[in-house]
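Q: Sharing the record's features from Swiss-Prot:
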BINDING   Asn27, Leu29, Gly54, Glu75, Asp100, Asn125  S-adenosyl-L-methionine binding site
Amino acid sequence: MRIADYSVTKAVLERHGFTFKKSFGQNFLTDTNILQKIVDTAEIDDQVNVIEIGPGIGALTEFLAERAAQVMAFEIDHRLMPILADTLRDFDNVTVVNEDILKVDLAQHIQNFKNPNLPIKVVANLPYYITTPILMHLIESGIPFCEFVVMMQKEVADRISAQPNTKAYGSLSIAVQYYMTAKVAFIVPRTVFVPAPNVDSAILKMVRRPEPAVAVEDENFFFKVSKASFTHRRKTLWNNLTGYFGKTEEVKDKLTKALDQAGLSPSVRGEALSLAEFAGLADALKGQGL
């Protein structure tokens with residue numbers, strides 16, 4: 001029997017008198033086939049350390065621990081600590097940390113792996129309400145995670161993996177794809193969770209690029225420009241950029257020159273631009289002193 005078997009999950013929750021907290025976005029997966037598929041997608045073996053976020057009662061942790069060198073799981077809900085101590089008692093390669101992943105000194109914790117030099121993968125069922133902040137926090141942490149295989153709301157996975165000229169494409173697509181390749185591996189129906197969420201989920205596989213997707217002079221400025229370009233999706237690049245930089249004649253003159261230098265029409269929309277085009281635009285705007 002597995003932790004994720006519905007009867008086991010139910011018994012564990014009842015035994016510990018656990019009640020779900022909406023504020024933590026708790027939805028526990030009760031499908032062992034999907035858990036197996038997640039671990040297979042992540043290609044976990046004994047030469048990999050794993051960071052897990054939000055282990056719940058340990059359903060995914062169990063599958064990870066059977067194959068990984070070590071698993072370090074971060075759980076914000078202190079009420080789950082005794083449950084995890086119970087369900088994962090047979091594994092000596094699992095460490096559960098009762099901390100908020102957004103506030104913890106992750107680099108320090110990683111040094112506690114027996115072999116901290118092994119590749120590190122992030123495998124997790126992320127809380128829906130805080131998926132994007134967690135992902136960006138980890139991606140921008142400076143820690144060289146080689147891969148992420150994470151479950152999230154399908155809509156968010158679609159946005160992250162979206163390509164130009166699609167409805168889902170936006171500043172989040174650019175922010176993630178600058179650092180990583182991103183592809184939806186498979187869909188997870190809402191019916192396999194306790195309690196069932198209101199939407200379907202997706203497993204997103206993201207692999208870190210050896211170098212960022214495009215070269216830019218100023219990364220922060222590049223992200224600001226891309227974000228500004230999507231402020232109002234139905235507006236043109238010109239309207240969004242003047243909304244961000246200002247509408248004085250001097251600014252308009254600089255914008256005109258930068259767009260011309262980048263080879264872009266003022267009437268194009270942000271959703272039509274590739275990462276390379278955003279890079280060219282950001283560098284041109286920077287060159288104009290904006």
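Glycine is treated like the rest: Cβ placed from N, Cα and C.
Computed from a predicted structure; not experimentally measured.
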Q: Under 8 Å Cβ to Cβ from Gly54 (S-adenosyl-L-methionine binding site), same chain, six or more residues apart: give me those in sequence order, or none if nothing qualifies.
A: Phe24, Gln26, Phe74, Glu75, Ile76, Ala124, Asn125, Leu126, Pro127
Q: Secondary structure at Asp100 (S-adenosyl-L-methionine binding site) (DSSP, helix/strand/coil)?
A: coil
Q: Specify the secondary structure state of Asn125 (S-adenosyl-L-methionine binding site) as given by DSSP, simplified to three classes.
A: strand
Q: With S-adenosyl-L-methionine as the bound species and Asn27, Leu29, Gly54, Glu75, Asp100, Asn125 as its recorded binding residues, calculate the greatest Cα-Cα distance and give it in Å as a whole number.
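A: Largest Cα to Cα distance for the S-adenosyl-L-methionine-binding set is 21 Å.
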